[in-house]
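**Q** Next up is a structure, given as structure tokens.
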Amino acid sequence: MDLEAAHGAAAAPGKQRRRRARESWGASLLLAYQSLGVVYGDVATSPLYVYKSAFAGDDIQHSAGNEEIYGVLSFVFWTLTLISLVKYVLIVLRADDGGEGGTFALYSLICRHVRAGLLPGGGGGAGDELAVGGRRDARAMSRLRAMLERYRVLQRLLLLFALLGTCMVIGDGVLTPAVSVYSAVSGLELSMEHEHHKYVQLPVTCAILIGLFALQHYGTHRVGFIFAPIVCVWLLCISAIGVYNIVHWNHHVYRALSPYYMYQFLKKTQTGGWMSLGGILLCVTGSEAMYADLGHFSQSSIKIAFMSVVYPALVLAYMGQAAYISQHHSFENAYHIGFYVSVPEKLRWPVLVIAILAAVVGSQAVITGTFSIIKQCSSLSCFPGVKIVHTSSTVHGQIYIPEINWILMILCLAVTLGFRNTKHLANAQGLAVITVMLVTTCLMSLVIVLCWNKSIFLALGFLIFFGTIEVLYFSASLVKFHEGAWVPITLSFIFMIVMCVWHYGTIKKYEFDFQNKVSVNWLLNLGPSLGIVRVRGIGLIHTELVSGIPAIFSHFVTNLPAFHQVLVFLCVKSVPVPHVQPEERFLVGRIGPKEYRLYRVIVRYGYRDVQKDDIEFEKDLVSSIAEFIRSGDSHHNGVLEDTDKSCEKLSSISNGIPLWMEDGEVDASASPHKETDTQIISPNRKKARFVLPKNAQVDSEVRRELQELMDAREAGMSFILGHSYMKAKSGSSFIKRIVINFFYEFLRRNSRGPSYAATIPHASTLEVGMVYQV
């Protein structure tokens, strides 16, 4: 019995490992299934318009020798294999920034390993250690890294490059719904008699687009459960039709997968074949979504879905279309070379319905991705403040931005009504797609050297190999500037100006605050009363500075010599990481001696974090200060501000001191280990009263300071916000006056304030106006 028991005990760990492995695989398979409806809707609908775009116009003609269709198929197969499979699935997906992906995630990943950030306060001040990261190895400092850290112009070029990719993603958010839905509805031309489709196609497309954008405020989670089945049915449908066409029309079409046919294609068509590459590259549209949506899924789930389902289905679909077209040369023009002609006539109406649904799913994914990347830019001071609505209580990435949604809808309808054909829409989308891929390739080569510490020759090999392919497609798309490619360039130029102006104005505002901050010695020389009347309550002064006293405080007390008994300088800081752990969110320090009751709190949020409402925020803030007071004397961390060097020693607060709420419905945090994020506080704010537990193990001096904090919190909390007006200095250049006095001020007046300020009760808010001469 003992031997059996010992054997069973020895086998138990192995069984647990196998069970965990099965659970892990089960979770990955479930995520892979869900990713089909979120990630792959765009790339899955590309067979609707790839061949039609490649043969549009007079670039190439379909001849009886089939060299053109075989060459296009060969290009499609190898482009899909090298770009989507090798580059994105096998390489780029590994470059995640804390689990997040996308163009801006690559930029923030580089900034975490190199001090190349241009964001306000990103120069290594307090609170920046999350952004810079703690894994920098000085011995491995490469020449490239040293150049990026030394030369400001290289840092600006890096940021502009990341913003270019971001602007093209926004442009793709305008063009993808138009191309996908219009191409799906184009099946009406073969399903309706005569030319009735001309009077139906455009209105139906516009109606679907309006409905798509009008339903965005409900969030994808309400209809997300049907997305994956729709894409699954669509992929099954196009792969089955592809197999049927291969078997029935031309089972030798597999020979076109040889790269030899690409050479034959370019040799015969020459310039026309090169120009047709602008339509062929649409076979990889949506590949960037695999990386951009990495935060919602895992690397393994995305790889499983693409390699086992999406990739084989797309290859069969393209081969099937080529097989059908290779045996049909009697078309009056190349306009009929498309997806629906290869669909058996009896199946066209069901396939049309499925295609429209799949196009809506693909468009939804791109629109949601556009919302997400704009939120990232806004969090990092690269886009004006917008209203962000979180449509899901469980998935933080599902958001809705009303202003951007309606702008996208208007632009999408404008390009649809303006072009009214797939050719120009596809040309516009192609340039946006390939530009984003070029930006990703360049940034990825930097990641290989700076973040992965690989050989620079490996990075150059990656850049040259994939860059050459993408530059070839980019040139083919750029020559079609007058045929629709001007749209993404124009849109990107407009969004780039908005982002650059906003970023420039934000930097100048921060520099003004930093240069005009008040010396701490000035504050301390006023004495414990600060030379003013101290009234009951807590006063929160918002500032962008992580050290020193903001100018708005001296401006305020000069005109109104009264303030609260507890004064907190609050800095809400966005750092270029996806998420900040709750135990690392609050940094608390003290300014001056204890009797001054002056504190500094830095609250850090990642660009993917959801900021709490005012009640939860106030509770966590007070608890963090209380924990700092309790632990400050015993641990000697962050007690005083160095008045000579004007820098503070701040301590990171993980668990607030247990504070009870009397006369309310909820115990705020009865245990220091209890998770407080899930607590629901009574909506009646006046009923909540923080009380220090009688059994708290603190000395008399700390208890007195804590009791003052609790009394001040009970008396009320006021928020003092600076309301700044930017104005260029006299003698500034004409361009600077135009940028600051008109463009930036126009954006500031028409943008939203900080998200945390939106939830502050108006009765507790006081705005202090100042004119910033920058």
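Cβ from N, Cα, C; glycine included.
Those TrEMBL annotations? Automatic predictions, nothing curated.
Taken from TrEMBL, the feature domain 'K+ potassium transporter integral membrane' covers 31-524. Sequence annotations record features per position, and here TrEMBL assigns domain 'K+ potassium transporter C-terminal' to 537-773. Residues annotated as transmembrane segment in TrEMBL: 25-49, 69-90, 157-179, 199-218, 225-247, 272-292, 304-325, 349-374, 399-419, 431-450, 457-479, 485-505.
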**Q** Would you kindly check 199-218, 272-292, 304-325, 485-505 and say which stretch has the most C-beta pairs under 8 angstroms to the transmembrane segment (431-450)?
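**A** Maximum Cβ contact count belongs to 272-292.
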**Q** Give, as a single whole number between 0 and 100, the mean pLDDT over the domain 'K+ potassium transporter C-terminal' (537-773).
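**A** In the predicted model, the domain 'K+ potassium transporter C-terminal' (537-773) has a mean pLDDT of 68.
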**Q** Could you pull out which residues elsewhere in the chain have a CB under 8 Å from any CB of the transmembrane segment (157-179), counting only those six or more residues past its ends?
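**A** Apart from its flanks, the transmembrane segment (157-179) reaches 42, 49, 102-104, 106-107, 110, 116, 118, 148, 205, 209, 212, 285-286, 288, 292, 362-363, 366-367, 369-370, 373-374, 377, 382, 408, 411-412, 415-416, 422, 425-426, 428-429, 432-433, 435-436, 439-440, 442-443, 487-488, 491-493, 495-496, 499-500, 503.
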**Q** Look over the recorded stretches 25-49, 225-247, 349-374 and say which has the most C-beta pairs under 8 A to the transmembrane segment (199-218).
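**A** Answer, by Cβ pair count: 349-374.
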**Q** Check the transmembrane segment (225-247) against the transmembrane segment (304-325) for contact, please; criterion is three or more CB pairs under 8 Å, pairs 6 or more apart in sequence.
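**A** Between the transmembrane segment (304-325) and the transmembrane segment (225-247), which are separate recorded stretches, there is contact, as judged by 3 or more close Cβ pairs.
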**Q** Top stretch among 25-49, 304-325, 349-374, 485-505 for CB pairs under 8 A with the transmembrane segment (272-292)?
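**A** The listed stretch sharing the most Cβ pairs with the transmembrane segment (272-292) is 25-49.
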**Q** Could you name the stretch, out of 25-49, 304-325, 399-419, 485-505, with the greatest number of CB pairs under 8 A to the transmembrane segment (349-374)?
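**A** If we count Cβ pairs closer than 8 Å to the transmembrane segment (349-374), 25-49 scores highest.
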**Q** Should anything in the same chain at least six residues away from the transmembrane segment (485-505) have a Cβ under 8 Å from its Cβ atoms, list it; otherwise answer none.
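**A** Long-range Cβ neighbours of the transmembrane segment (485-505): 118, 159-160, 163-164, 166-168, 170-172, 174-175, 278, 377, 381-384, 411, 415, 427-432, 435, 477-478, 726, 739-740, 743-744, 747-748.
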